[in-house]
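See structure below.
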């Protein structure tokens, strides 16, 4: 569903505070808003999903946490974009918004058993991209984060991903209130058909809902009190040999480490997280 100019104008004052993804970018070319990205039925489309002080009675423990409230009702009228394995994509925010909350950006994919426009996203999800803190010399409350003031999350489709139709779930998590249990989730799903892929087999997966828990360290993080490491949520990034490099880490180190992921290099948004804390079972599946 496309927003009218009047509705967009009404939303514009809120864009720095709340936002939503509505545009798929394919190899640098922007598509039409909601052409390939499912819309939602929230009264204010930019409202976040939270566990505390909820909006629209939505929490991360509900099935609509997959692609946002009521999004499956738009699946049939949303086109499916054909994209090549290994291609560079982005999910862009609507109405000129930028991400002006501190927090990470993540991208997940889930293979549909058939057509993407008939898939509710109740299968397994694997992560293909993550980005957190880019520059430890900057303010953790604002511009230390890779996503700060950007209008999109950029990522690469793993080159060995099997052909077929998928949902792509882009997500930004605002952690400015996470110290009080009020992490904010902004997310939507695009429908794509991957071609020219390979025989990759992502094993490290989660489900939505269930993959995120209210007591996860990722969602109870404090940006107050100075710079600190951020514990990325979810499973390891599946790169398939040439997926998004931002957010990858060495899993052999992670399994034996009690440390949070940390930034290998500062001053760049190519953030290579190669340690993570396993504070609990993240409800993701390993082979």
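Just so you know, glycine gets a Cβ as well, placed from its N, Cα and C.
Taken straight from Swiss-Prot:
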type     : residues : note
BINDING  : 18, 186  : Cu(2+) binding site
BINDING  : 176      : O2 binding site
COMPBIAS : 274-287  : compositional bias 'Basic and acidic residues'
DISULFID : 67-189   : disulfide bond
CARBOHYD : 220      : N-linked glycosylation site
CARBOHYD : 250      : N-linked glycosylation site
REGION   : 239-287  : region 'Disordered'
SIGNAL   : 1-17     : signal peptide
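Here the features listed in Swiss-Prot are placed on the structure.
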residue : record                      : DSSP class
18      : Cu(2+) binding site         : coil
67      : disulfide bond              : coil
176     : O2 binding site             : coil
186     : Cu(2+) binding site         : strand
220     : N-linked glycosylation site : coil
Given the recorded positions 18, 176, 186, 220, find the one whose Cα is closest in space to the Cα of residue 67 (disulfide bond). 186
Within 10 Å of the Cβ of residue 67 (disulfide bond), how many other Cβ atoms are there? 28
Cα-to-Cα gap, residue 186 (Cu(2+) binding site) vs residue 220 (N-linked glycosylation site), nearest whole Å: 17
Work out how many Å separate residue 176 (O2 binding site) and residue 220 (N-linked glycosylation site) at their Cα atoms, rounded off. 10
Given the recorded positions 176, 189, which one has the fewest other C-beta atoms within 10 angstroms of its C-beta? 176
Fill in the CA-CA distance, residue 189 (disulfide bond) to residue 18 (Cu(2+) binding site), as an integer in Å. 17
Quick check for the class: what is the C-alpha distance, in angstrom and rounded, between residue 220 (N-linked glycosylation site) and residue 18 (Cu(2+) binding site)? 20
Non-local Cβ contacts of residue 18 (Cu(2+) binding site) (under 8 Å, 6 or more apart, same chain)? 44, 46, 47, 48, 186
Tell me, how many other CB atoms lie within 10 A of the CB of residue 186 (Cu(2+) binding site), whichever protein chain they belong to? 24
